[in-house]
Amino acid sequence: MIRIDPPLTVQEYVEFSMSGSTGERSFADIITSIRYWVIHSITIPSLFIAGWLFVSTGLAYDVFGSPRPNEYFTESRQGIPLITGRFDPLAQLDEFSRSF
């Protein structure tokens, strides 16, 4: 007698056809898990808030050494610090760095 298996559910089909035989959980199984949403509902906003604090407190300027928005132009230097000399760029860089 011929044995006919019942049709697969969507989750079984995704597990058998897409994830292969490595034993990994399927993507559909992961994103429908409550554990996934509990973890990511905490970590994603936390990363956003940490990044916002990193920039808004000015720590990003200190870490990367970039001038703050009010330090781009000083009273003594109102022009754009462009290097125009082909043969003495280091002297111009020293001059620009002294004005910061």
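Backbone N, Cα and C atoms are what each Cβ position is placed from, and that goes for glycine too.
According to TrEMBL:
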DOMAIN    23-51  domain 'Photosystem II cytochrome b559 N-terminal'
TRANSMEM  34-55  transmembrane segment
BINDING   HIS40  heme binding site
DOMAIN    59-96  domain 'Photosystem II cytochrome b559 alpha subunit lumenal region'
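DSSP assigns HIS40 (heme binding site) to a helix.
In the domain 'Photosystem II cytochrome b559 alpha subunit lumenal region' (59-96), helix, strand and coil residues by DSSP number 17 helix, 0 strand, 21 coil. Within the model, the domain 'Photosystem II cytochrome b559 alpha subunit lumenal region' (59-96) carries an average pLDDT of 83.
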